[in-house]
Amino acid sequence: MVNPHMYYLNKVMSSLFLDTSVAGEERTNFKSIRSITDFWKFMEGPLLDGLYWDSWYNNENLYDLKNSSRIYYENILLGLPRVRQLKVRNGTCKVHSFFRSLMDECYDKYTSKNEDTADFGLKQHTEWKYSSPRTNSPWHWGFVGVYQNGGYIFTLSKSKSETLNKFINLRMNSWITRGTRVIFIDFSVYNANVNLFCIIRLVAEFPATGGILTSWQFYSVKLLRYVSFYDYFIASCEIIFCIFIIVFTIQEIKKLKEFKFAYFKSIWNWLELLLLVLCFSTVFFSLYSNMQIYRMIGRLLRNTEKYSDFYFLAYWHIYYNNIIAITIFFAWIKIFKFISFNKTMSQLSSTLSRSLSINIFSILGDFNFAGIQQANRILGPIYFITFIFFVFFVLLNMFLAIINDTYSEVKADYSIGRRPDFQLGKMIKKSYNNALEKLKLKKPETDEDKKRPEIEKNIKVAAHAFPLTLQEIQSAEQMKKWKERLEKKYYSTEIQDDYQTVTQQEFRDLFLYAVELEKELHYVSLKLNRVMRKVSALQY
């Protein structure tokens with residue numbers, strides 16, 4: 001969904017509308033606007049030159065003319081640009097009694113409650129009359145407020161001279177007042193060479209403190225998704241993706257019915273549910289955006305004399321791309337579920353999981369040293385150096401020491417055979433055997449057959465670690481006989497009475513059994529220590 005052409009198209013458009021200076025004033029461009037006078041200079045200069053490229057033919061430098069006008073040859077303007085203003089009413093803030101005699105007007109910050117909806121100025125056209133917002137349009141989050149749609153709106157003309165006269169008329173009749181809080185300039189272009197739409201929004205905020213804050217949004221998106229052969233290949237992949245979603249959904253429903261509430265005890269099951277929700281959201285956004293795109297493009301082709309609101313589509317298309325990115329992120333996390341077959345990766349996952357219990361805060365971020373020094377020339381650098389020393393050098397070393405210590409613990413666990421129970425090889429083998437059994441190519445295993453490999457494995461490990469002598473085998477047989485006789489006597493399920501008398505011979509047998517158990521425990525402990533010393537010697 002993202003390709004390098006989007007970056008270059010954004011770069012070209014931003015350099016054209018943000019970095020182009022006012023004629024005769026090299027330092028005045030959209031980024032440097034600080035007053036209403038600068039704003040009108042930009043509107044009547046760089047903005048007009050950018051939207052109406054006929055004026056470039058008057059440039060004396062032919063080389064600059066060709067390079068600049070190439071931007072317009074490669075991109076076409078969709079519909080007409082639109083300018084929109086939002087205002088607040090007078091008296092929306094309270095003036096202290098000491099200053100009421102000096103100030104009779106007060107305009108608070110912008111909120112939907114403080115918004116001015118009355119006609120003003122000439123009261124003749126849409127730019128002087130309030131237009132109600134549409135319900136499906138997203139709000140704009142600016143520097144000093146959150147702004148809704150609607151307001152005092154006008155659409156530019158196809159003629160540059162008419163648009164210039166419109167700007168001059170608005171400036172002379174004070175279209176921007178003390179109540180003005182934000183002005184939006186919206187338009188869209190299309191580049192057929194790379195099949196990309198660039199939706200542009202230039203924003204000038206007028207905070208209650210005075211001055212102007214400028215911001216901008218350039219959204220290069222691929223709204224017409226199925227044009228080339230590669231696009232149709234992507235469409236086939238999307239169909240396969242939907243099939244997988246259905247299969248995984250059925251699989252999770254079966255698991256939920258089988259395990260019921262125990263299903264929610266596993267963190268991996270929660271991850272599966274999250275992925276399914278994200279996948280269904282992606283499909284919904286894709287279908288909705290495609291329907292809206294074809295509907296709006298059809299309307300644009302029927303009437304090119306109006307503003308076409310592609311910002312709504314671009315806004316949700318960006319969210320659609322974000323959902324895809326989040327889905328891919330969580331899908332990659334699932335890899336940690338299947339890495340136990342590799343010893344090194346399994347040690348890494350175990351180390352990280354044990355280290356998660358340790359709270360390590362922000363270790364080192366991006367610092368604005370110039371701002372810190374400007375705040376206080378003496379304390380600022382001292383604070384910065386002290387913070388870097390303690391946070392970066394001390395805490396980072398502590399964090400690495402904790403990681404190394406945890407890794408040593410995990411490595412020690414692996415050296416004595418304690419590994420995660422889940423292994424990919426066992427899972428594949430089990431699935432393969434189940435498939436053969438369902439196809440009746442193999443007899444189903446009984447419980448004894450399932451236990452036999454584990455028993456044989458334990459016998460081999462014990463025989464390798466603890467080689468037994470003839471005396472030890474005879475002692476083990478005697479211990480087994482005692483154990484069976486005592487279990488039959490004192491742990492029989494047929495006897496309901498908890499209190500039973502013990503004869504002198506039985507007491508003697510119990511005492512000897514306890515003594516032999518103590519000897520055996522001591523002997524096994526000694527042999528285990530010898531084995532651990534041998535294992536440690538082999539490691540080093």
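Cβ coordinates are placed from backbone N, Cα and C, and glycine is handled just like the others.
Lifted from TrEMBL, the feature list:
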DOMAIN    29-224  domain 'Polycystin'
DISULFID  Cys93-Cys106  disulfide bond
DOMAIN    225-356  domain 'Polycystin cation channel PKD1/PKD2'
TRANSMEM  229-250  transmembrane segment
TRANSMEM  270-289  transmembrane segment
TRANSMEM  310-332  transmembrane segment
DOMAIN    362-410  domain 'Polycystin cation channel PKD1/PKD2'
TRANSMEM  382-403  transmembrane segment
BINDING   Asp497, Glu506  Ca(2+) binding site
Counting other Cβ atoms within 10 Å of each Cβ, which of the disulfide-bonded residues Cys93, Cys106 scores lowest? Cys93
Chain residues outside the transmembrane segment (310-332) and at least six past its termini with a C-beta under 8 angstroms from it: 1-2, 78, 136-138, 186, 188, 197, 199, 201, 219, 221, 223, 271, 274-275, 278-279, 281-282, 285-286, 288-289, 292-293, 296
Three-state composition of the domain 'Polycystin cation channel PKD1/PKD2' (225-356), taking helix and strand from DSSP: 114 helix, 0 strand, 18 coil
Per-region confidence, the domain 'Polycystin cation channel PKD1/PKD2' (362-410) (mean pLDDT, whole number): 70
